[in-house]
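What follows is a set of notes on a single structure, which appears directly below.
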Amino acid sequence: MTRYIFITGGVVSSLGKGLASAALGALLQARGYSVRLRKLDPYLNVDPGTMSPIQHGEVYVTDDGAETDLDLGHYERFTGVPASRADNITTGRIYQEIIQRERRGDYLGGTVQVIPHVTDAIKEFVLSGNLDVDFVLCEIGGTVGDIEGLPFFEAIRQLGNELDRGQTCYIHLTLLPFIPSAGEMKTKPTQHSVKELRSIGIQPDILMCRCDRPIPKDERRKIALFCNVRETAVIQAMDVDTIYDVPNAYHLEGLDDEVLSVFGIKGSKEPNLAKWQTIAHNIREPEGDVTIAIVGKYTGLKDAYKSLSEALVHGGIANKVRVNVKWVESEVFDTEDTAFYLEDVDGILVPGGFGERGSEGKIRAAQFARTRNVPYFGICFGMQMAVIEALRNVGGLEGASSTEFGPTNEPVVGLMTEWMRENELVKRAAHGDLGGTMRLGAYDAMLAEGSRVAQIYGSTVISERHRHRYEVNMTYREQIEAAGLLMSGVSPDGLLPEIIEIPDHPWYIGVQYHPELKSKPFEPHPLFRSFVEAAVEQSRLV
């Protein structure tokens, strides 16, 4: 029997529901159970693909090409279970599907309403494809009381009645603020949040209380009394040094035991958390430090590069060093010297992005890394800027540019209008919609024998996740390689460049895909492991 755990939030957003869900999934896995994690987002966008990274954070891409919420990245990193298109849904997508059904006449002339049509669609999403899974964890985005979230709360309330007794568990994440002037922790926001949840028919089984200090016994007892839960169900969710210590911390608080108790499961084996303890130890007690500059255009919100930041942490774990990230807004190089920002770093990473703003700064960062022999990692847009830089400054092609920035006589980077996916030709109109029209998901690449990337991967055939609509123009291949960049990875049909590298540089690699999306703390991505290793070597030269 599949059991369902619904994770909701109250008081304020950004309390860490995604991390709590991922950590609980990891704890249940460590006890021998199979898990599946899903995210229900109440916003009206069909997916986050066209949303600003500064508003929404990163867009996490799955193997099957879905553009999803960044929380799915936490789910994958903590559990190792690959997410898919079926693990994230939005109000926009539900409404889109319902309206399409209505236009087809599927409702036979009936009035289409939020209840039952929208709530039924949400329930159908939650219950689908779970036959072989012990636990399904569903996180509801936003906070209780948000008007756009009401259909989701109503749907999970109905599921509590429709599923068998003991088949559902409701976990509510709240904030326990400490008021310095009063010298005490306040429980009233939590009480009101639970009151709001109960007013729509949901009684939480477990409360996870986010706090920055231990919860006094009296406050814990008070929360249990006024929120109608057992004292043992008031879980202290304190801040920790690293997110990879969260599974250990929640286990010590008894979260997994309490969840199993809600389901009436007895005699479950103790979780094996050895790998999490090792990871947390390596992060807390590194053998050294390196500094990596991330030269990006969305540095105002670090969540825009969430998977990237975590992949660097994973590379640090593999090399037993702490990776200190120096965030550099690429536009500063339009007016300031790159050396002022980059001369003290051990590696430079230029991540993906869209649009002309900040592009010249990224080109200058690539030039600095190439000429100063500093390890350079260009991802997606970062690879494209590295190619443009080399052709301008080494290849003598001063007009080298991208058609993304406007008309150019030297379209070194251009819009893709067709590509192959699973032996089928995919076409995109040059002036079509932006949403869902990129080259998305996992694609194979063939690596050159003897190349650095082939040595790093230990293979000449790889599969990586993509998210881009512009690509380095293959007609410039001879000029690119004459400028010193080896095209060491291409698509299986040989038509799309995937990887460039400089063979005689300490470490200079650009990739068209997003390797950060497949990195995990217990399985660091080979490129990030190698890049941080190169940064360690660079730090020893200073």
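Keep in mind that glycine also has a Cβ here, set from the backbone N, Cα and C atoms.
Now, the feature entries from Swiss-Prot:
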- 1-265: region 'Amidoligase domain' (REGION)
- Ser13, Lys186, Thr187, Lys188, Pro189, Thr190, Gln191, Lys222: UTP binding site (BINDING)
- Ser13, Asp146, Ile147, Glu148, Lys186, Thr187, Lys188, Pro189, Thr190, Gln191, Lys222: CTP binding site (BINDING)
- Ser14, Leu15, Gly16, Lys17, Gly18, Leu19, Asp71: ATP binding site (BINDING)
- Asp71, Glu139: Mg(2+) binding site (BINDING)
- 291-541: domain 'Glutamine amidotransferase type-1' (DOMAIN)
- Gly353, Phe381, Gly382, Met383, Gln384, Glu404, Arg469: L-glutamine binding site (BINDING)
- Cys380: active site, nucleophile (ACT_SITE)
- His514: active site (ACT_SITE)
- Glu516: active site (ACT_SITE)
In DSSP terms, helix, strand or coil for Arg469 (L-glutamine binding site)? coil
Near His514 (active site), meaning Cα within 10 Å, which of Asp71, Ile147, Lys186, Thr190, Glu404 (binding-site residues)? none
According to DSSP, which kind of secondary structure is Glu139 (Mg(2+) binding site) found in, if we only use helix, strand and coil? strand
Highest CB neighbour count within 10 A among the binding-site residues Ser13, Thr190, Gln384? Gln384
Here the binding-site residues are Gly16, Gly18, Pro189, Gly353; which one has the lowest number of other Cβ atoms no more than 10 Å from its Cβ? Pro189
Among the binding-site residues listed as Thr190, Phe381, Gln384, within 10 angstroms of Lys17 (ATP binding site) by C-alpha we get none
Position of peak Cβ density within 10 Å, selected from the binding-site residues Leu15, Met383: Met383
Please name which of the recorded positions listed here, Cys380, Met383, Gln384, is nearest in space to Gly18 (ATP binding site), Cα against Cα. Cys380
Using the alpha carbons only, what distance in Å do you get between Lys222 (UTP binding site) and Arg469 (L-glutamine binding site) once rounded? 55
According to DSSP, does Lys188 (UTP binding site) fall in a helix, a strand, or coil? helix
